[in-house]
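Structure record follows, encoded as structure tokens.
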Amino acid sequence: MLIDGHGRTVDYLRVSVTERCNFRCQYCMPEKPFSWVPKENLLSFEELFLFMKVAMDEGVNKIRITGGEPLLREDLDSFIKMIHDYKPDIDLALTTNAYLLPQTAQKLKDAGLKRLNISLDSLKPEVAHQIAQKDVLGQVLKGIDKALEVGLGVKINMVPLKGINDNEILDVMEYCMDRNIKIRFIEYMENRHALEALKGMHGKEILSKVKEKYTIHALGREGASPSFNYTIEENGYEFGLIDPHKHDFCESCNRIRLTAEGFLIPCLYFDEALSIAEAVKKGDIEEASQVLATVLKDKPKENRWIEGELEEGQEVSSRAFYETGG
């Protein structure tokens, strides 16, 4: 069992396999010159897997593959199969924009993937284009349909932005209702890599939009999830709200993150990280385990909003979210 320096059980590892993405979403990585990590600096699947085995052997039972856009990494299904074959009962999920799912969903399912978290910020082609800076909606919807068709579990994430897609909260939620998919509204998190003009909706504003049509009741958080859940009285549908500015989910935080070049990150809201790259490149399991232990010991107790270090509008970290998968 993995325990951090504040007595929390850590059993969830998020693994970024690439920082690259085929979208340029305004809240994450809008058009600008990027200093991509050279391909030769990325850890191989075998190197990533060596560390993941250490983590799984010591208590990790939930893994999410992220990016960037993870489906851009070649032979991702073989990596999924490595993980599944090593620990078939692992809760294995992937975060994606769904653009490449029409041609990859079946392979991912066959490899052992269980669930997908998919970003869907608009059902209007022109708004989806505005956010992603690419004509994406038709392909994304096909990807969602394909994922459901092959039997993958699906959750939808939406980032409501003022003046852009804030009038679609009910539309996107009802799209999910019709397909028995859970939606989670994610409050926009300020960062230096997003467009400066963006303004996100606060959690209470998102809930107010839902209340314009439905009666809702709070359910609370499920386990260590950062999502605060609600149910709709009229039909029993459940949805979630991830509101890092207001809801203190740090006390039950159970996750750490590994980047594609081997940095182990204890908290998304801080820059601190340690590299496991040297250890896994030489196959040193003991050293990799020691790095993991150090990161757990130094994992912050609370995020920086809760500590009062940040005021509204300030960024959480200089590290781009596309480097860590959020």
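Glycine residues also receive a Cβ, built from the backbone N, Cα and C atoms like all the rest.
S-adenosyl-L-methionine binding, as stated in Swiss-Prot, involves GLY68, SER119, MET189; the candidate among TYR27, TYR230, TYR237 given for that site is TYR27.
Residues ARG64, THR95, LYS155, ARG255, ILE256, ARG257 are recorded by Swiss-Prot as GTP binders, and the candidate that the same record lists for that site, out of ARG8, ARG14, is ARG14. In this structure, the CA atom of CYS250 ([4Fe-4S] cluster 2 binding site) is 12 Å away from the CA atom of ILE256 (GTP binding site).
Note: the [4Fe-4S] cluster 2 site is recorded as CYS250, CYS253, CYS267; in the same chain, PHE249, ARG255, LEU268, TYR269, LYS299, PRO300, LYS301, GLU302, ASN303 also have Cβ atoms within 8 Å of that site's Cβ centroid. The two recorded residues, ARG255 (GTP binding site) and MET189 (S-adenosyl-L-methionine binding site), show a Cα separation of 18 Å. In this structure the alpha carbons, written CA, of CYS25 ([4Fe-4S] cluster 1 binding site) and SER119 (S-adenosyl-L-methionine binding site) are 11 Å apart.
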